[in-house]
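*Asks:* Could you have a look at this structure, given as structure tokens, before my questions?
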Amino acid sequence: MKDAEKREVIASSSLQRKRNRGRRLRKRRRRNEKRVLMVPSSLPNDVLEEIFLRFPVKALIRLKSLSKQWRSTIESRSFEERHLTIAKKAFVDHPKVMLVGEEDPIRGTGIRPDTDIGFRLFCLESASLLSFTRLNFPQGFFNWIYISESCDGLFCIHSPKSHSVYVVNPATRWLRLLPPAGFQILIHKFNPTEREWNVVMKSIFHLAFVKATDYKLVWLYNCDKYIVDASSPNVGVTKCEIFDFRKNAWRYLACTPSHQIFYYQKPASANGSVYWFTEPYNERIEVVAFDIQTETFRLLPKINPAIAGSDPHHIDMCTLDNSLCMSKREKDTMIQDIWRLKPSEDTWEKIFSIDLVSCPSSRTEKRDQFDWSKKDRVEPATPVAVCKNKKILLSHRYSRGLVKYDPLTKSIDFFSGHPTAYRKVIYFQSLISHL
């Protein structure tokens with residue numbers, strides 16, 4: 001045998017020994033892991049449950065496959081609720097941000113159902129990517145994707161152009177297809193033109209996902225000739241549909257606001273209520289509030305004067321620390337002031353002023369492909385969260401990214417982004433599923 005052939009045989013033999021050694025080590029590791037995982041089964045159930053409550057969702061999902069008893073415990077609604085309470089408390093010390101958007105968007109003129117949505121979870125403080133989940137929604141959205149705020153780790157993803165209404169928990173990968181709302185059925189009977197979709201029907205694009213005793217979807221929209229329903233008890237300027245998860249059905253509310261809502265603004269929920277801006281009437285904007293528990297509407301008794309007389313395109317509404325916040329970007333100075341509503345709903349306090357025009361942002365613009373310091377942009381940025389170092393995480397309706405604004409240095413830094421990030425929200429994982 002030649003020397004070259006001998007060396008080849010020796011190398012091959014050595015490689016095979018390494019592979020066999022690797023297999024033995026992996027088998028031994030799996031046996032050890034199984035022993036470790038099976039040890040807690042000898043503990044009392046209440047002690048075991050207290051231990052499990054501190055585990056992250058991913059670990060609990062793995063544990064379910066090891067024991068029928070563990071699966072029964074982890075999937076019980078009482079355990080899910082207790083785990084949710086702990087997750088909310090942990091969020092205060094370790095806040096996270098979720099970016100939700102379409103994956104592999106379909107390009108071209110042909111209308112095809114886009115079916116894959118990606119969920120990217122980031123650490124708020126470090127901007128590091130913690131997890132990525134990609135889920136398939138078989139019915140598709142026809143490139144008109146709208147995503148609600150997160151409610152206990154759940155999202156509602158819907159499309160007015162199709163009958164798609166999904167509720168999803170990206171942490172557990174659970175999703176549920178809901179029946180279409182009444183207006184979705186009515187609209188498709190009329191087959192609106194592209195112009196009618198873009199102009200007339202904008203108020204139907206956003207819904208609220210909330211929880212009182214039970215979870216519910218609240219869909220408030222302006223009336224239109226295409227969505228006249230004889231079964232609706234209301235013939236006013238707005239209609240509201242509520243989805244009941246127990247009955248798996250939508251129902252109309254009899255009493256709805258007598259003000260049309262401003263179509264562009266997403267609803268915000270805080271302190272047990274959902275809020276919408278109205279269209280200007282007599283050069284004044286009102287705020288409609290919906291009590292989640294009693295399912296009744298009211299107008300806020302007091303609105304900040306700087307907001308009430310504004311063009312609705314120049315103001316914004318959001319939730320920070322479960323408080324309703326509103327902001328306006330002044331046309332002269334381009335400085336954006338942010339006010340917070342106190343729980344009594346009779347006092348507004350200014351909490352931040354943002355001066356993006358003064359920010360050097362060339363690096364940020366290059367990464368985000370969006371000019372955050374543009375001088376003639378009157379639409380305000382939307383605060384998403386406040387970091388421990390007092391920096392403010394900002395999004396914008398025209399940007400697919402997030403930036404951190406430092407009020408002390410008046411500077412911004414790129415946080416993260418994605419070309420199709422439709423929704424950017426604070427988020428914590430939960431086990432809540434099977435609504």
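Just so you know, glycine gets a Cβ as well, placed from its N, Cα and C.
Feature list, courtesy of Swiss-Prot:
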REGION    1-29  region 'Disordered'
COMPBIAS  16-29  compositional bias 'Basic residues'
DOMAIN    37-82  domain 'F-box'
REPEAT    164-217  repeat 'Kelch 1'
REPEAT    224-270  repeat 'Kelch 2'
REPEAT    273-317  repeat 'Kelch 3'
REPEAT    322-368  repeat 'Kelch 4'
*Asks:* Do any residues, 6 or more residues outside the repeat 'Kelch 3' (273-317), come within under 8 Å Cβ-to-Cβ of it, and if so which ones?
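*Replies:* Hits for the repeat 'Kelch 3' (273-317): 208, 210-213, 216, 218, 220, 240, 242, 253, 255-257, 259-262, 264-267, 324-329, 331, 337, 339, 341, 345-348, 378-382.
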*Asks:* Kindly state the mean pLDDT of the repeat 'Kelch 1' (164-217) in the predicted structure.
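*Replies:* Value for the repeat 'Kelch 1' (164-217), mean pLDDT as a whole number: 87.
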*Asks:* Could you give me three numbers for the repeat 'Kelch 1' (164-217), the DSSP helix, strand and coil residue counts?
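*Replies:* The composition, in the requested order, is 17 helix, 16 strand, 21 coil.
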